[in-house]
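K.L.:
Okay, handing you the structure first.
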Amino acid sequence: MISAQNLVYSLQGRRLTDNVSLTFPGGEIVAILGPNGAGKSTLLRQLTGYLQPDSGECRLFNKPLNEWSITELAKHRAVMRQNSHMAFPFSVQEVIQMGRHPHRTGNQDNETAQIMALCDCQALANRDYRQLSGGEQQRVQLARLLVQLWEPTPSPKWLFLDEPTSALDIHHQQHLFRLLRQLVHERQFNVCCVLHDLNLAARYADRIVLMQKGKVIANGKPQDVLTQQALTMLYGADITVLEDPANHSPLIVLDH
């Protein structure tokens with residue numbers, strides 16, 4: 001479980017998170033949605049311990065984040081940021097194996113190879129990471145995070161992803177979310193991601209959090225949260241919300 005209680009964070013007089021309280025029980029894919037500047041990435045950084053709130057508290061497995069050591073926290077949660085540039089000529093395989101650093105147990109070549117296959121990175125193994133496309137880099141970073149969290153026996157872990165599909169083609173978007181769902185069901189992973197694609201969130205997320213101006217304005221199942229009224233108010237766009245006949249999830253269409 002991860003929880004946030006009364007999170008407040010301000011920058012240059014502007015509240016980026018404004019008294020945010022949330023509890024994610026686990027066993028879910030959570031999608032945080034909202035317009036640009038809503039506070040989504042700021043909230044994610046606070047939930048992961050990268051950004052200390054001005055007031056309020058975050059807890060992971062009922063323990064305050066500031067009471068975790070850096071090493072132990074890294075074994076239980078992993079974070080993909082929006083940008084993951086590197087200045088040095090590491091190979092893809094070397095980048096992925098960096099994920100094992102908190103465990104100090106060597107490279108674990110078998111697990112690394114398994115995870116590279118899961119993330120469709122085998123063909124990239126010997127490439128210079130800096131020469132990859134944005135989408136290829138996102139796949140490599142996901143593999144690094146899984147190597148960081150992987151244990152021989154599945155145990156609860158948290159995976160935080162900030163716009164993980166921003167550079168992915170449609171095939172790899174689908175592959176990513178199918179993999180995340182598999183990890184939730186088979187490996188006791190919990191996933192929290194910031195997204196802009198409303199239809200991806202509607203199709204794959206178990207829980208949707210809507211943010212506006214630093215506040216959480218809705219939190220619940222996609223069919224309860226992604227309504228035409230709520231989305232029109234939030235984004236100021238002319239849209240129609242239909243029902244996907246395949247799975248009864250919301251289907252968001254931009255009007256002409």
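In case you wondered, yes, glycine gets a Cβ from its N, Cα and C as well.
Just lifted these from Swiss-Prot, have a look:
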type: DOMAIN; residues: 2-238; note: domain 'ABC transporter'
type: BINDING; residues: Gly34, Pro35, Asn36, Gly37, Ala38, Gly39, Lys40, Ser41; note: ATP binding site
K.L.:
Return the residue, from the listed binding-site residues Gly34, Pro35, Gly37, with the maximum count of other C-beta atoms within 10 angstroms of its C-beta.
P.N.:
Gly34
K.L.:
For Lys40 (ATP binding site), what residues in its own chain, 6 or more apart in sequence, show a Cβ-Cβ distance under 8 Å?
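P.N.:
Those within reach of Lys40 (ATP binding site), by Cβ under 8 Å and sequence separation of 6 or more, are Ile32, Leu33, Gly34, Val194, Met211.
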K.L.:
In the same chain, outside Gly34, Pro35, Asn36, Gly37, Ala38, Gly39, Lys40, Ser41, whose C-beta lies within 8 angstroms of the Cβ mean position for the ATP site?
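P.N.:
Other same-chain residues near the ATP site: Met211, Gln212.
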K.L.:
Any idea what the model's mean pLDDT is for the domain 'ABC transporter' (2-238)?
P.N.:
94
K.L.:
Between Asn36, Ser41, which of the binding-site residues has the fewest other CB atoms within 10 angstroms in the structure shown?
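P.N.:
Candidates: the binding-site residues Asn36, Ser41. Fewest Cβ atoms within 10 Å: Asn36.
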K.L.:
What is the Cβ neighbour count of Gly39 (ATP binding site) at a 10 Å cut-off, with all protein chains included?
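P.N.:
A count of 24.
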K.L.:
Tally every other Cβ atom lying within 10 Å of the Cβ atom of Ala38 (ATP binding site).
P.N.:
23
